[in-house]
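To start, the structure itself, in structure tokens.
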Amino acid sequence: MSDAAPSLSNLFYDPTYNPGQSTINYTSIYGNGSTITFDELQGLVNSTVTQAIMFGVRCGAAALTLIVMWMTSRSRKTPIFIINQVSLFLIILHSALYFKYLLSNYSSVTYALTGFPQFISRGDVHVYGATNIIQVLLVASIETSLVFQIKVIFTGDNFKRIGLMLTSISFTLGIATVTMYFVSAVKGMIVTYNDVSATQDKYFNASTILLASSINFMSFVLVVKLILAIRSRRFLGLKQFDSFHILLIMSCQSLLVPSIIFILAYSLKPNQGTDVLTTVATLLAVLSLPLSSMWATAANNASKTNTITSDFTTSTDRFYPGTLSSFQTDSINNDAKSSLRSRLYDLYPRRKETTSDKHSERTFVSETADDIEKNQFYQLPTPTSSKNTRIGPFADASYKEGEVEPVDMYTPDTAADEEARKFWTEDNNNL
């Protein structure tokens, strides 16, 4: 037996030689002369590995979010909690079925190169069909969440007609998206059961485009509506972190980013590995809703109401003007203050005050933690009360009914608060 090393090929000394362009000869359904380069083979392997990584990350992130939600949520029977739980469970189930698909012969390199149908078992086809059906249910849960947010943002709003119209459009678009995904899944299974090598790219592409369109449309509606609402609240001096801010964060994180990713998935070349962007967009849409809700709720628990336009400060257990020493002195400058604020509030149209305007409560942040789950929206405070007894956080413990005569208290901010209350409850058709 000779110990001499085998001679090296002349290509070893050629610096311009690319081994990735070397060909492999194998037998396929087209005969014995089938060839493939090492670069093409490596591309198939990289595509499978990339899909496995993305679905592994998706499964782990969804499972972790599901556990955290069960640990932190205080109310588990609200619609938003149920929708989030269903979406997370479906994304875990879909990822698990996709793992089975990746490990089956259907997704193997052998079948991709040779194309022999006898290499595919009926169990592999069943897993493929179940994966498509779970994907339909996942898209349905995402669309339900989007339509639910559209409904929530217009609940109790003065724009009832516009809100009903936009909710109907969103619902129709969501139904069309889910229907197209269902048609794509059924058509794909029918074709696959007859011929495992057949595909239905037309229906799948149409369903993905509809999903991207629905996300783009509903994100635009939510963001525009919420920006207008928050602008109005800031104009009134409300700086606390409430339901409008929570929904704005949810809409930005869970809708705008997936919209951009969906657009990139169709604008970039598929050979650059952009086919997994659709999976990333779906993951962000499912994860961001509960994560944003929990983060916003935690921020609310530590926040306090703070107003910009208030001229009052608290001293001991009573409520006194913060800058002047008496109500007589305050009344002198009140006309100038209310006049300036009235001109500012006149930037927005007003309507006649209704009876319900007199029963609004002061906004507190202690109940805001469950705001996103109960769909409750707080109102502006009533500056004065027609009753003798004072209530609220500034109630005087030493005050007894009947000790003083009923008087009409007029503070420096009475006129301004009246204008703010009118504006907040108005039916503003110009926004």
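Note: Cβ is positioned from N, Cα and C throughout, glycine not excepted.
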Topological domain name match (Swiss-Prot): ARG74 vs SER267, membrane: no
Per Swiss-Prot, the candidate from SER22, SER197, SER315 carrying the annotation phosphoserine: SER315
Where Swiss-Prot places motif 'Glycine zipper motif' among the ranges 53-61, 80-88, 179-187, 224-232: 53-61
Per Swiss-Prot, the candidate from SER310, SER326, SER338 carrying the annotation phosphoserine: SER310
Where Swiss-Prot places phosphoserine when the choices are SER75, SER360: SER360
Secondary structure content of the topological domain 'Cytoplasmic' (73-78), with strand meaning DSSP E or B: 0 helix, 0 strand, 6 coil
Helix, strand and coil totals (DSSP H, G, I; E, B; other) for the topological domain 'Extracellular' (103-132): 24 helix, 0 strand, 6 coil
Long-range Cβ neighbours of the topological domain 'Extracellular' (103-132) (under 8 Å; 6 or more residues past either end): 26-30, 34, 36, 41, 44-45, 48, 94, 97, 184-185, 188-189, 192-193, 195-197
